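Report on one structure; see the data block that follows.
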Amino acid sequence: MPNGDVYNLGMAVPKGRLRHVLVKFPFDKEGDMFAKAEVVGSFASRWWLHPSYMHSFGITENYFVIVEQPMTISLNKMVINQLTNQPMVSSMQWFGDCETHIVLISRNTGEEVKRFRTENLFYLHVINSFEHNGKLTIDICAYKDAKALEGMYVDALKSMQYNADYADWFRGRPKRLEMDLSSPNLTQIEPKLLADIGCETPRINYELHNGKFYRYFYAISSEVDHEHPGSLVKVDTKTGESKIWWEEGCYSSEPIFVPRPNAEDEDDGVLVSALVFSKDERQVALLVLDAKNMTEIARATFITPSPAPKCLHGWFLPDKLK
């Protein structure tokens with residue numbers, strides 16, 4: 001948050017009932033945020049012994065916005081897999097016949113206010129969420145199911161060229177879930193397509209627009225069968241148009257938006273991304289793009305002592321933290 005506070009989502013079992021909890025880690029100049037952590041909200045899990053797997057969530061001026069998807073963690077399987085030294089993904093269970101719930105938790109009281117229902121879907125990353133004109137909106141990178149997780153197994157990667165459905169597993173799309181705050185509980189809503197382009201690890205101008213009305217987001221391409229699968233994408237949520245940066249044989253990391261000092265426009269700044277290359281597994285680069293037009297401004301290229309893997313998430317920090 002702008003003041004340095006951090007919020008996260010966890011689980012607890014108060015009075016024998018499984019609940020998802022929102023935890024606040026208040027900013028501390030001494031760096032001891034964990035010592036002052038506190039639960040600021042909670043809601044009951046929809047499935048007993050199968051809490052929903054939620055990789056990210058939204059936050060607005062008045063609400064925590066939780067997308068309770070039907071990808072769950074089987075607690076029974078988790079205990080067995082811990083004893084047999086199996087990976088976490090083996091504990092996951094997909095409920096393909098269940099709807100997705102969007103749960104609104106009051107930031108003031110910490111209580112559940114209401115839920116909305118939408119289609120069965122899978123997601124990992126929230127793009128942004130905001131309140132505007134009596135409505136609450138959350139944008140996510142959504143998939144029709146959770147097959148993408150199966151596609152990350154080594155055997156699936158080795159056989160991907162022989163699997164006609166493999167590319168379709170990763171064909172997610174940025175979608176908007178718009179909710180009228182005056183609607184009754186459990187109102188059904190239909191997702192709206194923001195752009196017909198596959199993208200993941202989305203970023204926005206967090207300094208000015210996190211939890212607020214926004215227009216642009218940036219991401220990496222998730223189209224594994226695209227002509228340029230390692231491209232960087234800018235999406236205009238108002239028009240649905242997109243701009244793409246790509247380079248042959250180049251694969252990018254999550255783009256980080258850095259605003260220009262004293263900028264007035266939402267997209268006035270640069271994108272920073274790490275690059276790896278298919279022709280030289282030891283070559284890496286740091287790319288800087290103009291966030292307005294997605295053209296290259298600068299690049300630093302160097303050779304590492306050993307092969308460098310493609311990274312997923314990233315964060316760039318100033319020399320001196322405030």
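Using N, Cα and C of the backbone, Cβ positions are placed for all residues, glycine too.
All protein chains shown were included, and the count of other CB atoms within 10 Å of the CB of His125 (Fe cation binding site) stands at 20. Residues annotated as Fe cation binding site in TrEMBL: His55, His125, His313.
Surrounding the centroid of the Cβ atoms of His55, His125, His313, where the record places Fe cation, the chain contributes additional residues within 8 Å, namely Ser56, Leu124, Thr201, Leu312. Each of the binding-site residues His55, His313 was scored by other CB atoms within 10 A of its CB, and the lowest score goes to His313.
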